[in-house]
Amino acid sequence: MNKYFLSLFPLCCLIVAVTSLRCITCHLRTRTDRCRRGFGACTAQKDEACMLLKIYQGNTLQISYMVCQKFCRNMTFDLGNRTYVHTCCNHNYCNFQL
């Protein structure tokens, strides 16, 4: 029995292997749907998720910001005449599609 288990152990390790979460980065995305600064990808570390921050003035999207974010939380808040919408997700490149 032990020999049988030991022969299957490497296979189990391969099946359990976890791939890293990948996110889009863009530190300044404009209304024209173009990334002006920091375009690329990041690999999320422990306790990180893909995050998209959208900043609205009135009902008009002004800019977006995309990164790997530690302890990310979905939330919306108003500050002055702007609305900040944080959206978090946990599958590869999901913050680009939100």
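Cβ atoms are placed via backbone N, Cα and C, with glycine included.
The annotation signal peptide is assigned in TrEMBL to 1-20.
What TrEMBL records for 20-96 is domain 'UPAR/Ly6'. With DSSP states grouped into helix (H, G, I), strand (E, B) and coil, the domain 'UPAR/Ly6' (20-96) comes out at 3 helix, 50 strand, 24 coil.
The average pLDDT computed for the domain 'UPAR/Ly6' (20-96) is 95.
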